[in-house]
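Comments concern the structure below.
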Amino acid sequence: MVSLGASCAVFWSVFMMIVTFSFAGDIVHHDNIAPKRPGCENNFVLVKVPTWIDGVESCEYVGVGARFGPTLESKEKRANHTRVAIADPPDCCSLPKNKLTGEIILVHRGQCSFTTKANIAEKAGASAMLIINYRTELFKMVCEANETDVDIGIPTVMLPQDAGENLKNHILNNSVVSVQLYSPYRPLVDVAEVFLWLMAVGSILCASYWSAWTVRESAIEQEKLLKDASDEYVNAENAGYSAYVEISTAAAISFVVIASCFLVMLYKFMASWFVEVLVVLFCIGGVEGLQTCLVALLSCFRWFQHAAQTFVKVPFFGAVSYLTIAVTPFCIVFAVLWGVYRHVSFAWIGQDILGITLIITVLQIVRIPNLKVGTVLLSCAFLYDIFWVFVSKWWFHESVMIVVARGDKSGEDGIPMLLKIPRLFDPWGGYSIIGFGDIILPGLLVAFSLRYDWLAKKNLRDGYFLWAMTAYGLGLLITYMALNLMDGHGQPALLYIVPFTLGTFLSLGKKRGELKVLWTRGEPKIPCPHIQEDQSTNQ
């Protein structure tokens with residue numbers, strides 16, 4: 001019979017598979033709908049627009065550069081402070097009445113094409129053009145198909161409606177408004193990505209050793225039971241050892257199907273109330289994960305061993321140790337405080353603590369029995385990742401995975417099933433994130449490799465764990481390299497991680513002639529020497 005904790009772990013493993021990609025925030029937007037052509041071939045880059053009102057530094061806005069015109073300066077110190085003037089007429093579809101001497105002209109969107117406005121502004125003597133959108137979001141400015149005069153010599157930037165109206169109102173109030181226009185590059189490596197890599201690798205490392213240690217201890221107890229033929233082991237198992245769940249091939253496929261349905265549901269019903277529900281579910285899972293990890297950690301100290309080994313019967317939950325009862329209130333308070341104050345600047349620390357402990361708990365309880373199940377699970381997850389990040393754009397006109405992870409249209413800063421760290425040295429700020437699924441799914445295979453090595457009595461060099469762990473680390477490293485090469489555009493991490501981890505495992509097993517055993521039998525059930533001798537005799 002599966003315990004309550006094991007059943008919850010299955011739910012959390014599916015729940016956390018939803019988001020399986022890495023993301024750092026886009027600063028360059030590639031667009032195949034608006035094809036490039038000579039004179040109209042810029043990438044759509046985000047632009048910083050710091051402002052000064054009467055010489056006093058004020059707000060900093062973010063705009064988007066046009067497909068046409070020269071590229072903007074990337075260094076703030078090289079960007080000029082330039083005064084802003086309002087176009088007259090406001091749409092700049094005809095030559096402005098006011099004389100310009102190098103000012104940046106502020107223009108309303110509409111009435112004529114963007115390139116027409118830019119050509120007129122350039123002829124009037126403007127050094128750049130700011131276009132006010134008629135909505136609060138940004139819009140990508142392109143060249144019309146039949147336009148030929150696209151040799152434009154001034155940069156053009158679109159501002160959201162609220163930012164443009166603020167600048168306009170200050171100018172109408174006779175204030176002197178000046179701005180800078182520059183588009184800084186994202187650094188190749190940010191310390192946030194280094195820490196995310198360490199957190200992901202460290203979580204799998206801890207969970208793998210915990211899982212392998214649990215299996216080895218169970219095997220030792222089983223050997224004692226066979227020797228003594230006593231009931232002592234049975235009683236100890238019921239009180240002290242948590243049940244675990246082995247994934248079957250059908251369950252591996254079902255996980256991906258259920259996660260896909262849940263992802264679509266999140267996409268369709270994304271709203272603030274729905275994110276609140278996810279936060280509550282995450283807090284419940286975080287309490288369970290933090291409690292499990294704290295009990296396991298404190299049990300290693302002599303002062304807490306008695307409390308960890310003394311149990312009391314609790315209705316619905318069964319036998320619960322006194323140590324578990326003692327740490328549970330702290331875990332609940334921790335999760336509730338994070339849920340209430342999750343919008344503060346440092347709340348990511350609490351989210352990461354709850355997330356890591358939940359990941360480790362799931363990896364310790366949920367297991368794959370052999371390489372066959374691991375191959376099916378990771379192959380399905382590989383296709384799942386690619387489909388919902390890239391292919392879903394064809395049906396939904398946007399990447400479903402990215403929209404869900406960002407929490408678009410919900411008024412929230414993303415969903416909680418992510419590890420996140422603020423980008424400390426990035427001029428654009430934001431967070432680097434990694435989905436729980438990018439850790440849990442390959443982590444199941446890595447944890448299996450260590451259990452197999454310990455039960456088969458393989459050393460580190462001759463086993464599979466070292467290679468699987470290294471392959472995961474390299475796969476995640478390649479993910480971040482691809483992330484930076486794509487200017488922060490969200491990447492399906494399993495696209496890179498699965499070939500590394502699964503490919504390494506399969507290749508190594510085939511080379512050593514153990515692929516058939518790994519594929520079907522998986523973990524040796526009992527590693528005891530005298531039992532292995534009996535098995536070889538029977539064979």
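Backbone N, Cα and C atoms are what each Cβ position is placed from, and that goes for glycine too.
Here the structure is a predicted model, which means the values were calculated and not measured.
Feature annotation from TrEMBL assigns signal peptide to 1-24.
Residues or ranges marked as domain 'PA' in TrEMBL: 89-167.
Marked as transmembrane segment by TrEMBL: 194-215 (among others).
Tertiary proximity for the transmembrane segment (247-267) is limited to same-chain residues at least six positions away from its ends with a CB under 8 Å from its CB atoms, namely 13-15, 17-18, 274, 278, 366-369, 372-373, 376-377, 380-381, 383-384, 388, 396, 400-401, 403-404, 415, 437, 444. According to TrEMBL, the transmembrane segment annotation covers 247-267 (among others).
Taken from TrEMBL, the feature transmembrane segment applies to 273-304 (among others).
Marked as transmembrane segment by TrEMBL: 316-340 (among others).
Sequence annotations record features per position, and here TrEMBL assigns transmembrane segment to 346-366 (among others).
Here TrEMBL flags 373-391 (among others) as transmembrane segment.
What TrEMBL records for 428-452 (among others) is transmembrane segment.
What TrEMBL lists as transmembrane segment is 464-483 (among others).
Under the heading transmembrane segment, TrEMBL lists 489-508 (among others). Same-chain neighbours of the transmembrane segment (489-508): 20-23, 26, 28, 30, 371, 374-375, 378-379, 381-382, 384-386, 388-390, 399, 401-402, 405, 434-435, 437-438, 441-442, 445-446, 449, 464, 467-468, 470-472, 474-476, 478-479, 482-483, 515, 518, counting only residues six or more beyond its ends whose CB sits under 8 Å from a CB of the stretch.
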Would you say the transmembrane segment (373-391) and the transmembrane segment (194-215) are touching, if the rule is that at least three C-beta pairs must lie under 8 angstroms and be 6 or more residues apart?
no
When you scan the chain for residues with a C-beta under 8 Å from the transmembrane segment (316-340), skipping those not six or more beyond its ends, what do you find?
3-4, 238-239, 279-280, 283-284, 286-287, 290-291, 294-295, 298-299, 304, 307-310, 347, 350-351, 353-354
